[in-house]
Every structure is written in structure tokens, then in C-alpha cells.
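Database features, via Swiss-Prot:
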BINDING   108-115, 191-195, 249-252  GTP binding site
REGION    1-296  region 'G-domain'
REGION    297-496  region 'M-domain'
Amino acid sequence: MVLAQLGGSISRALQQMSNATIIDEKVLNECLNEITRALLQADVQFKLVRDMSTNIKKIVNLEDLAAGHNKRRIIQQAVYNELCKILDPGKPAFTLKKGKPSVVMFVGLQGSGKTTTCTKYAYHHQKRGWKPALVCADTFRAGAFDQLKQNATKAKIPFYGSSYTESDPVKIAVDGVETFKKENCDLIIVDTSGRHKQEAALFEEMRQVSEAQKPDLVIFVMDSSIGQAAFDQAQAFRQSVAVGAVIVTKMDGHAKGGGALSRVAATKSPVIFIGTGEHMDEFEVFDVKPFVSRLLGMGDLSGLVNKIQDVVPMDQQPELLQKLSEGHFTLRIMYEQFQSMLKMGPLGVFSMLPGFSAEMMPQGREKESQAKFKRYMTMMDSMTDEELDSTNPKILTESRIMRIARGSGRLVHEVMEMLEEYKRLAKIFSKMKGLKIPKKGDMSSLSRNMNAQNMSKVLPPQMLKQIGGMGGLQNLMKQMGSAKDMMGMFGGGGGE
């Protein structure tokens, strides 16, 4: 996944800087050059990258820093802040409210994945207790209604539209919204015709649909492959209708995702979701601070809980969250997380653990890593329930290991390798022991409980050392004003 490559490049640059014996101007320049190269390859605008590098050098004036200052931490924090600045539009997204029907209108270019994204958006909210419905007001593209109907049926979401009998998109939108309001749907999503920037007639149609239904929110859906051109496209749509938020699609397959995100931010339009694949659950809430935290290998604890809630069946969530908060990590949980990794890619569950973002799927070796997960899962398929659910690896005696190897058609040393991987992951997940993880995804509760003692448990020793140990961590949290801000830096506080 391209985002993982960008994150891997940036986190490696910071790691190399941290490993240097002495932090001098040469080391700082090498670090910034690597980060600059990675951002330019992601199609981030040259001026933004240049300004970021200049700002970091101003903040991190090595000659003026008094002895005793932690230069590594100051550099890391400056990189974090500047990346957030590039991606932050400085304007919060509109918040939908339960209890009253909200109408959301989707607009976008042809081929951006708008119709599929409508269903993903509805599905995301349906899993969180909303009652969504879909209205197809796209009468321009042949097959638009059939596509929406197929997607909605698969996701078990009610839909409204007409393939042949009605050709007026305004009437379809108005009738559909009224129908679903009567059925007490609290999230009504209207899909409009996809269009090109220069198509004046279709832009006029979009305005008419908007004026007729007066949506609470207009979402612009944009393909990440257009990169820096996102600025012009987003501006064109903003001039026609009141775009309140943006969803960037196809972030899994293009090198220009960083450029698209940064240029959308320049239009002051908040990005609220990113599409990371074709499947219904390959759809992530976009929040700048957790996103940057993950790119830098700092993790995203709030995203971890949200991902668990997305992937694990509702009735199993409390049990899994409780096990993780107790530090229990079994082979069965590892099996399930490998399944999640295969579904979600490298920016899935493991990337949300601090200091662990790129280890499971190294850059350029994604297919090799996926094949390894499948081999491990085949071995675990030959295990008993007792073996899968035990937290004591010693029960896997030599005779059991030989039985597992025979049953899975693998070699004994491959089973041993899988068990070593399990021990390593169990050690990392044990860092979550003692954290009060909310069972219903209330991340404000997690933020309130995230004091310096708890934070030190989940930070890798190397990162804790970089910020000056427990004393440095406490001072940093004090300087940043609150535990909530600290959670922001290390990936928390990400809501819907």
C-alpha cells in the first residue's frame, strides 16, 4: 500500500536520526532530505515541502538549543507538527446528529468511485447504530441505479431510485428524501450524477438538486490519483455547491495520495474519510493527528479500538477488548488479526500500535508478507482449541509441534518460526495491559485515562528514551497542555 511506503520512508528517516550518536546539522539535513524526498514522491506540492523543511530548521536551531534539551524529541515533534499543518484544513467537519433525519448529498467526478463510496458511508454509519438509506439521483450515467441497487442490497441498506420511469434527478431526490423521512431514517444519502469540471449543464443540475433538497452536508468524492490537481477540482465544486467535506478514494493504489490530501486541505475543506480498497469495510475515518502519528510509527490507539469494532462481530467485541486490556494475546487472536491484516492492508490494526507501523508488511514486500500470514494461518488451522486459546506457549511441546507440522503440510522449523512471531506479538500487545479501553469505543474515556504512567506502557522503550524517559514524558504532557493533546500527538482522540 502506497501510504505504508510513505510512512515507512518518513519513520525510517526519523529512526536513522535517532540512532545517530550526535545530532548535528549534517544529521538533521539528511533526515529532512529523506522526508522531503518521500513527500515529493507522494506528489505533495514542492512549495509546501520546502516551507515545511524551512520551518523545521527554524524551530530546531541546533546552535541555540541549550545543553540538556532532547534534540531528537524536538525534531520529531517539529516534523509531526509540520506534517499536521500540511494536512489540516483548519476547519472542522460538519457533525451529524442522531435523533433527527440528516440529508447528505454526494457529488464528484466521473470515475471517482462516488456511488461505491455512498454505500461505504452508509454501511459505516449503519454499524454505528444509524438507520441510513440511499437515493440514486444519477440519471446521467447508464447503470448508475443498478450499481447502487446492487451495493445497497449487499449491505442491507434501503434504497430509492428509478432506472427507466423517471428522468428528472431533482424529482427523484425530493421524492426519495421524503419517502425515507416518513420511514424514520436518520441518515439519507443522495447520490448525484458524476461530472467533469467543464460540464456546465451537469453542474447546474447539481445546484438544482442541492437547492431542492437543502442537504445538511455536501460531500465531494475525489480520486486520489489526480494528486495536486485536487485543488482545482475541489475549488470548482465548492464554487457550485456548499461542499462541507471531502472523501478521498483509491488511496491503496496511487503514489499521489499525499498530494491529493495536502491540496484538498489548502481549499479549507476537511477530509473525513479515505477509501483504501474496493471492499465495503476498506473505508477509514480520516483524522489528521492520528493519521500523521501512524505515518511516523507512533501508533493510533483510538483507531485500534475503532478497527477492532469494524472487523470483530459486535457480540465478540467486549470480550476481545477485555482480553487486550488484560494483556492476553492468544494464537487465536493472532489468527484473527492476520485475517484483518489481509483485509485492511499494512495501515490496519498493527500500524496503530506505537512503534510497530511498518514491521508486519515491509515496503516492497507486501505480497511476501501476505503469503507468510496465510502459511501461519494454515498451521494454526491444525491446532486444537486448547492450543489456540492458551496464553502459555509452553503447552506446545515438541510432539505437538510435529503434529501441527504434519497436519498443515509444513516443516517443523516453519512452525517454530510462527511461534516466535507469536511470542514477539504477545510481548507488544502486553504493553496494553492496564489500559482502560472503552467497550463501546468512547475514545474520550480513553483520553481521560491516558496519564503519563499509562502512556509509558504503550510507548516503545526507544521512543520513551528519545523523549527523556518518564520525566521527559511528564514534562512534555505538561507543556502540551493536557492528556488529550498528548493523545493527539501519539494518535489518540480520533473520533468519527
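Any Cβ shown, glycine's included, is placed from N, Cα and C.
Location within the structure of each feature annotated in Swiss-Prot.
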residue: Gly108; record: GTP binding site; CB count, 10 Å: 27
residue: Gly111; record: GTP binding site; CB count, 10 Å: 13
residue: Lys114; record: GTP binding site; CB count, 10 Å: 27
residue: Thr192; record: GTP binding site; CB count, 10 Å: 28
residue: Arg195; record: GTP binding site; CB count, 10 Å: 24
residue: Met251; record: GTP binding site; CB count, 10 Å: 27
Mean of pLDDT values spanning the region 'M-domain' (297-496): 66
